[in-house]
Structures are given as structure tokens and as C-alpha cells.
Amino acid sequence: MALSRGTSLILHEDPEKIPSPNSCEVPGIMSNTTPRPTPDLALAPPPEHALALTPALHPALSPDPEGVSGPVSNDIPSHNASGATTPSSTQINTVDTADQGLNHTSGPDAAGTLCPDSQPARIPSSTQANVLSPENSSRPCSEDVSKSFSSKVFGLGQSNSNPSRPEPNLYIKALSREALVRSHNISRQGSQVPLLLPSNTSLDRLHSGNISKVNLGIAPNSNEAITLTSHTIFASISKEALSAPWNTGSKGSINGTSTIQPRSGLNVTVTHASHVSMIPGSSEGLSLQSSARVPNSTLSPSSCMTLIMDSESPSMDSSFLVTDTSTLTLSSHRDYSEDNSIRTMPLEENLGKWDSLQGVTALQSPPEGTSEDVKVNEAEKRNHDNKAALVANIITYQKNQEMVEMKEEKEATVKMMMRQIQEEPLDSLLSPARRQAMEILAQLSHTKPILSVRERVELVNTCVRSVFSLPSVQAMQEKDESKAEVIQILYYQTLDSLQKLLNALFIEDPTPTGLKSILEPLGPWMNSGKAHERARAVNSNVSVLNHTLVTLPFLISSGFPTLGLLLGRLLLRIGDPDEEIGREALDGITILYTILDLQKRTKNKEDTNKKELYENNKRFLGPYNPVSPCQNILRVIAEFGDFLGPQQVRDLLLAALEGLKGISETQGKDSGEMMQLASEVMLSSVLEWYRHRALEVIPEIMQGIYMQLTHIQEPRAREVALLPISFLASSFMTEVVVALLMCPLPLDSNGAEMWRQLILRKPSCDVRDLLDLLLTSLKEKPVTKKGRASIVPLAAASGLCELLSVNSCVGRVRRIYPQLLLALLIQVHYHIGLNLPSRMAPRKDSKDDTQPPLFIPVRWMVKVVKTLLLKMGCSYESAFLEEQGGWELMGQAESHYRGVSLLARAMVHYSCQELCRILYLLIPLLERGDERHKITATAFFVELFRMEQVRRIPEEYSLGRMVEGLSHRDPIMNVLSIRGLVILACKSEKMAKVQSLLPSMVKSLKNMDGMLVVEAVHDLKRIFKGQGKKLTDSAVYVEMLQILLPHFTDAREMVRASCINVYGKVVKKLQTPRTQAMEEQLTSTLMPLLFIIQEGNAKVSQKCVKTLVCCSSFMNWELPKKAYSQKPWDNQQLTVTKICKYLVSSHRDNVFTFLNQSLEYAKNSRASLRKSSVIFIGSLVPCMENMMTEERLNEVKATLEILRHDPEASVCICAAQAQDQIMATCWRNSWPLLYGDSWVCDPSSMHRWSPSCENLPTSHQRRSWIMQALASWKMSLKQ
């Protein structure tokens, strides 16, 4: 314990006085003293700075290279040169410093004073350190609060009892307030011997630690006074008040806990105390004073306690904790005080707050010249439960604080040692630093708290890598022949230190989890390509197993940790080219078998001798056979059957695969063949005898094989690694296929080889059953019920593609070819736009600077369809789709049905042999599934109507299904139904029935996309041609014209041209006499045709001219000849005026219809139509004369005003021109001024200047209308 945080102080007892028989020394590495569970404790503070390579963790744990080797008992006092012993008064000294150094044990000098110049005690060096065994390691108890270690050493300062005087050593004072240490005197009555350090101690001594041991039990006299002077003291005095060990608190203070009954004359004086805590265990009185000038106090009554606090400065706090007293008087004063005051408060009121250390009463020292007294009165009787709870809470709090500090200190030390080990070179061994660090770590393993699993694994990994990565001892000796002997000794010492560390870590946590954290890091090293690394790993594993067998502290109910991996790796080493490694590996397996057997016998409550059991098992497993080690492997696998569960079988197989990695690179040909043989024997025997136990771990085995194949390059080794697939598939094909479906997509070479292994190697599975499983997977939706994407269908398609690459499988695939084809086509539709979970397989052949191609599921599915067609001999069909772009159409959402139709049409054209099977298979499919399923099936089914065999199908399955499709809510189903009916109409016996359905077919085209309308109308033309003039009801034609007219303005050129062309052909089908419906429909077509002619698209314009001629011919219109001209109207104002005058004069009843259509086209998204409509409006309105109303004129005004700000400049100019024409016509015809209309101005005001240009007509503003239009257009562009 320390007087301040960071001090390194141990209190030693005086050998000449009455020693305490229960004192407990600090156990050292070579200490012969066994610690006993007594309250006497060795004290050391937590570290605050980084430790050196060999830090002064603890006087007993610090290897001292300069000290004399050999065990030292702490019970023997140190002597000086003259042989004088320490006097009755001992001394406690602490001085803080910011540096570290070596720790020495201070002995008394000739004058009887302990000083740093004394001869240091003998401490064992690091080279002679022994690992602490469980029998001699210290254990924490309720009073033990100092199990931590420290590397901090302290310098010495002069005593200064007067607070007003300056410090003689300013440097030490500047270190920290808590580092200023006063003199500590323990004196007897009548014999006051001060134990002070020399005042002239230099700063060089700051690097040495002074350790002395004092026992307060040296005062048998009842009148003895104990005086302690310190800057910060935390004293805890319990029921027994004489022999007290001292411990550091959580804040670097001192706790004193008495161990025997108090004497009647005991006086305790504490001066310069900042924190005082007293916990009496009985009602016996205690008196505690803190004053620099007050003499020894007398014993107070049991009902009261007096505490006088004297601070060194006005800012220092004084706090205390007292229990089991009825009256508490507190006084805090300073010398030269001018005012004193006393305060009293009952303790019972604050007992609830005293449940933690937060309840400590703190007195702030008043300024100089003032004093304050406080009296606290407590009830005579206190509740015993409250007292017990208070004491328990305080002890618990102190323990928690100490545990936290110890944990942090241990973690910091472990990390520092690990860094030191990591800094050691991996190619040479010239320093004992690595060994010393591991020895320190081994010693730390005996302290609490224990390391976590993650920390232990990290520690073992660091140490193992640092030692195992070293070259062989022969190589290191050859590199430095002059130090060959030293290197050899240091090498074996390092290996021994590592093994002791591993054993110590197991002792620290002797549980299955703790054993697993040690064995796991060792495992991969047994498969190293270097013999010396394998030998070290095998030796360490065997040593840990041997230590486990000797200790065996636990009963493994869930099986030995990592049994499968450990057994598998040791089995591989039996076949190692180095016979010594094989022999030691077999011995390790024998120990492992003995452990398992012993656990089994212990569970059955059978008494067994470990040594005899080991010898019997050694004979039972047989001697090592270097000629044929595979015999040993087979024997071991057979005998371990009772201990192998599913997890162990999995680990055995994966361990066998580990032995196949890197054979060609790291080992010779013979060695590689031996390892392959050992792995193959292991795999074959385990799968032959225990494959039924691997059923539940098949997915994990498949995943392990996939991962290991990436590291196995040698062809023969890859064949061995793939053996478990064919073995397991022969018995559990469904489970194996399901596991293979989880391989990352797209399949790389490893995944593809695993699929092909199902049928390439014996024993192989039934291909028929395998294909049926894949077909079942292909029928699943790639989206689960919860909306999550599933890779199962795509994985099944990928597996099918790999199986098709095996020629022997093609014949079996033909059996279910129709089902596979339809299932794949439906999956193509499902995978359009589908984002699957990211399970991309890393491409080992891809370069770092090249991005792998983006994996799009639908394209991969289309590729599988193409592969299936080619394997089934449909190369012509595949080429046809390639030419027509059918594969691209098939992978798009809006055109998927077109790609499927192209494929079916090609198969019909090239007379595919499987069409009849597909036709009969499709009939039930039309009633199943969702919309995508039905669309794909219907698209294929409709094209099969071209076959002659369709006549055999009942009419309800052909014509009936198509009639139902006409009323389907999906437009694509409507189009497909129309196509099916048109194809059926080619059959003479079906023509009449299909023609009767023409009105329903036309009606189904309403509200349909333009492209679908064009496609459907293209099919309907066949019926119109075949019908001729037989159709007497013109309503069908009129309805067709109504459906086509809205698509005249479609954004797609092909749709516009097709609809306009069909419109003209339908008009030709019309017969006289004209009905009102016909006239209204054709009249509503006039303006659109005139505007579209001005579009500027030659192809569309030509279709419009033809259609306009057809309409004019049927309606007897006499339009001006230039109305059919495609020349722009920009410079043809007279032509537009003639057309408008003709329309007003000849179609007076429809003039407002024409105006409304013009205003509607003025809002069209295409600029060409807006410009044509504006030009037409500018000529039509003046021709209407008095027909215009105010409401209509305002509507025209608003439309033109908006168009003056159109993004298209030509539209702005045309809008301004139209305004000028309309205004000029109004003034010329002397239109009356409309009320409240500022747009039409008085002609008389046109010749006067008005500052408000906004109210003037456009033609009378200072700028011309062209400039105004251009300015408006520019403003609109800026916006």
C-alpha cells in the first residue's frame, strides 16, 4: 500500500520486537514462504507509467539482474555491515517521481535508520524465476486490497512540519501535491527515535525504490502512542486495534485495520490528516486527533469520538468516516486562528447517505485566522442492521474499486509485455527479452482478475507467433557460429518459457473454454510447410494435453473442446515425413484418448489410476509404425468412434482438408504424396464409418470444402478434397444439393467443380433424382413470403448449367426438358429487376486494376436458357433469337413476352420435336401462378396455335381461354389473347367465331399503351382484310378510330406513324351513308392532322397527308390545296388564313371545336405542335369576327400571354405575332372596348405618349414586337 497514489511501500515488521505469528510475506518467485490467509498484507500501488522490459512489478516478482540469485525469506531482517539490527522505531518513507527504475529492499544502516543507501535485499533474478504454482500463489481476501503491481519508484524529500515555511526542494514540490511526504514516526513512550531520511538525498535517488516493512503490533505497552504524519491518510480501524496491517485505498491513501483487542491506554494521534475513516467493531471508545501541536490524547469514552483536523493550506479538504459512535465532535482549526465554531448533528439523519463513500463528511478548511467546530449528536442506540449494512457497503465499494484498479493494471502490463514480444525479431534469437516477457506473463496469470477469452487468445497468438516463427535452431546457429551454444541454450529456455506460460494460462482458467482459447491458436501451426514449425506446434499441443491430463480440473459434459480439429491435425502429423513428429503426434493422441476415457469413467463414477490408464491406452492404440503410418490413422479413427459426434466428424473432415493446402509449394514430391495419402485415408475412413453422423452438419462441410478449394491448387489434392461431396451425396443427396445451392453466385471454378463432382466421381448420386431436385428448386419463386429475395432458383439454374457440361448427363436432362425450359422462362420473368443478396464469389483470376463484370441475375438466367437450348439441339432457334434480338427482349420487363413469343415461334418454325409435350404441359400452367407466371405461359401457348396439333385441343382450352383473356386486367394479356384469336382465325372453322368477337377485341384496346395498341391493331388487320365489306355495323370502326386518335401525339415516332396509318385504312373501310358518329369523329380528326403535318417529320407527315386525303374524300371536304402541303406555316400566312376562312365558312358549327382543339394543342409538350397551333389561332380568331365572346377572347389572351414566355423562341415570336394580328383585326373592325379590359386600348390614346408602356398595345410600344418577344424568351430561359 502507499501513502499517495503511485507510491511503492511495504511495511515490514521489526525482527527484534515481538513478531506477529500471523504475518504474511509477499511470495516471491523463489520464495519458500507459503502465504497464509491472515489480515497482514503486502502492499503495492497500481502503476501510472509504462513499464520497462523487466519492470518492477512487485518486489517479489521483479527479476533483478543485479541482485544475488537465490531464495530470500522475507522473515529475515536485513543487516548492515556492522551487523546492527533495526531499532524499535521503524520508518515509512515515500516520495513520488515520474520515472521508473529498479526496486531495492532498504535495510538499516549503522545508525539504525532505514535509507536507500542500505544494502539491498536479495531478490531472485529473472533467469531463475519459477512459475507460481497453485499451492504458493496469493489469493485475495476481504481485507486484501493490494494485489496489484507497480513499476513506480520514488525519490525522497525533507520533512517540513510548518505549513508556512517554504519547501527546501522546489523540484520535488512541483511534482504533485500528493507526492510531498512528511516524516512518519512510530515511537514508544519514553523512547522517541525519529526515523527520518537524510535531508540531502539527491534527485538521482529518485530512480530507486525503498521498501521497508513495519508491523504496528510492535507496541505491547498499553500507554504506547502511535504517530503518523502524512499528507493524505485514510485509516480504517476496526474492532481489533493493535496489530494492524496497512493497505492502500482506492485513492492512494492508507487503510489501517486492527487485528487484536485494544488496550485501555491506547492513544492514537494523526497529524496533517486529510481523509480519516474509522469503523469500530464494538462500542469501545476511540480517540483520534489531527493536530501538529497537540500532545498524545487520552482514550475517549465509548459514546463519543473527537477529531481535530489541521490542514496545511486553506484549500485542503478534510474528510472522515465514523461508525458505531453516539457523539461526534469535529474541530478544524489552524494556528493563529481568530474564530472557533462548533457544529453538532445527529448521525441517524444521514445514515441513508452513508451507504456509500459518498456519505463521507467533508470539512473545508477555513481561511487563515478563522476556525470552526462542529458537534454532531447521535442517539444513544443505533440499529444494528443499519450498522452492518453500512460496513458491508463500504467494504464492497472498496473491493470494487480495488478490483477495477487491479484489472486495469494487469491489462496494461499484459499489453506492454505483448508489445515487447512483438518488437522482437522473428529471424533471430539473441536476447532473453522474449523469454523474460513470457515469464512475467506467466507470473501475472496467477493474479486476479483472470483474462477474458479474447485477451487470452490474443496473448497466446502473439507469443506463439513470436516463438514458432523463429528459424530452426540449426539455421540460427549457422548464421552466428560464435554464439551457437548461447543460442541453443536461449532457444530451449524460450520454448520452456512458452510452455510454462501456456500451462499457467490453463491454470488461470481451468475450464473447457479456457483450454479451447489455448489450443485454437496452436492448431494452424501443425499444418505449416516447415518441419521445425510443425515440430514446435505438436510439442506444445502435447505438452498442454499432458498438463490437462495431470490437472483435469473439470468434467466435460458437452465434449472435449475442438476435439475434431485437434484429433484431425494430430492424425495428419502421424503421416508426417519427419518420424519424430509422427511419433510425438501419436503420443499426443494417446494422451487425448486417455483424457476422454478418464472423463467417461469419472462420469460413471469409476476410480481409475491415470498412469495405468495411459499405459493401457498406449498399448491399445498400438506402437508408431513409421513404414505405414496410415495403419495408425485407421486404428485411431476406429477407436475414437465413441467420442465423435456430428461436430467432431465435421471438424475431422475439415482438418483433413487443411493438410492438402500448399503441398506443391512447400513440400517435396514424396512429402506431398504422403500428406495426400494421409488426408485421403482420413476422409475415406471417417466418411465410411461415420457419415450418418454428419447429416446435420452437411451445410458446414460443404462450406468448408468450398473455402479450402481456394487454397488447394494441385490437381490430385483437389480430387481428394472433393471426395466428401460424392460420399455424402450417395446417402444424403437432398441435403448436399441444398447445401450446394448456398454457394456464392455467380459460380466460380470451385463451385462449378463441386456441382460436377456429384456425377463425375464414384459413388455418384442418381442423376434422375438430382435433376428432379433442381426442377423443384426452379419452380420456387425468387421472393419469399416476407418479401425477401432468394437465391435458390438462380443457384439451381447455375447448378443445372454445370451439370449440362457433363455429356453423360445430357441424355437424362432430355427427359424433363419441357419442364426445365418452361420453368427457366418463368424464372427469367421473375428475375427481371430483382436484386439478390450480395453473395458474390471472389474471382481469383481477376486483376486488382480491373473491375469484374456486374452480375445481373436475369442475364445469368437467360444464359442458362440459351445453354439448355444448345444442349438439346435447338441451335437454329437460338440463332434466330440472336438475330431478332429476342434474348435482349426476354430480359426486359416491358418486352419479356415478346422474347418468349419469338422463341416459341422459332421452335414452331423449325419443328422442334418437343413442342407437343410442351403444348400439353402448358394447358394446366395457364391456371397457375401469379401474373408473371401466366403471361410467360400464355405468350408461349399462343404461338403454338400455329401447329396442326392444336386442332386436337378442346375448344375450351384454346378459344375459351383467349376469350377470358380479353377481359383480363393486364393489357399484355389482352394483346396476347387478341393474337391468339387472330391465329385461330386463320383456321377456316374458327373464322366466324373469331369475327364475332371483333367488338370485344377492339373494346379491350381502350386505355392501353400505344405500343400495345399498335401491336394489337397489327394483328387485327388480318381480320379486317378477311372480312372485306361484310361488316355492316360501322360502330366497330368508329370505336377503332376513337381508340387510335389519342395516340396521334404519342412521343414515340413509330406509334404515331402506325396509328395514323391504320386510322386512314379504317376510314377507307367506312361505308356510306355517313352517320353522325362518323362525321363527328372525322371532323375531330381534321385539326390534329393539320398540325401534325407541320411537325417536320417526313415519315409521319406523309402518313398524315394520306389519312387527311382519305378523310376529305369520305367527308367531301374542299380544303385548299396548300392545306396538304408539308411546307412550314412560318412564311405561309396567307395559306393559313385561307384554311381558316374555309373552315369558318364551311364548318361554322364546328369553329369553336377547332378553336378548342387549337388551344389544347398549344399546351402540347412538343414545340412543333405548339407553334402550329399558335399560328393557326392567330389566323382563326380574326376570321371569326363577331362570333367571339368576352370569355373566349380572355381564354385566347391568357393562352397567348403564356406562350410569349415559352422556352422555345419560335413559339414566343409566333405568339406575339398572333397577338398583333388579333389586335389589328379588332381595331380594324371597330370592336367596342370591353369593360375593364386594359388589353384593348382606345385608338385615340394610341397617338399620345403614356409613361405606362405595359398598358399600351404591343404595336404602340417603343420597342417592336419582335424585340419584345425575344426579351420575353430570354427572361424565361434565365428562370
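Placement of Cβ uses the backbone N, Cα and C atoms for every residue, glycine included.
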Where does the N-linked glycosylation site label fall among Asn136, Asn185, Asn210, Asn546, going by Swiss-Prot?
Asn210
In Swiss-Prot, which of these is labelled N-linked glycosylation site: Asn80, Asn200?
Asn200
According to Swiss-Prot, which residue out of Asn103, Asn255 bears the annotation N-linked glycosylation site?
Asn255
Of the residues Asn32, Asn541, which is given the N-linked glycosylation site tag by Swiss-Prot?
Asn541
Can you tell me which of these residues Swiss-Prot lists as N-linked glycosylation site: Asn296, Asn1156?
Asn296
I'm checking region-level scores; what's the whole-number mean pLDDT for the repeat 'HEAT 1' (913-950)?
91
Check the DSSP secondary structure of Asn541 (N-linked glycosylation site), expressed as helix, strand or coil.
helix
Cβ under 8 Å, sequence separation of at least 6 from the ends of the repeat 'HEAT 1' (913-950): give me the contacting residues as numbers and ranges.
817-819, 821-822, 825-826, 828-830, 872, 896-898, 900-901, 903-905, 907, 957-958, 961-962, 965, 970, 972-973, 976-977, 979-980, 983-984
Chain-internal residues, separated by at least six, CB under 8 A from Asn541 (N-linked glycosylation site):
Leu519, Leu522, Gly523, Met526, Leu566, Leu570, Gly588
Tally of helix, strand and coil residues over the repeat 'HEAT 3' (1035-1072) according to DSSP?
32 helix, 0 strand, 6 coil
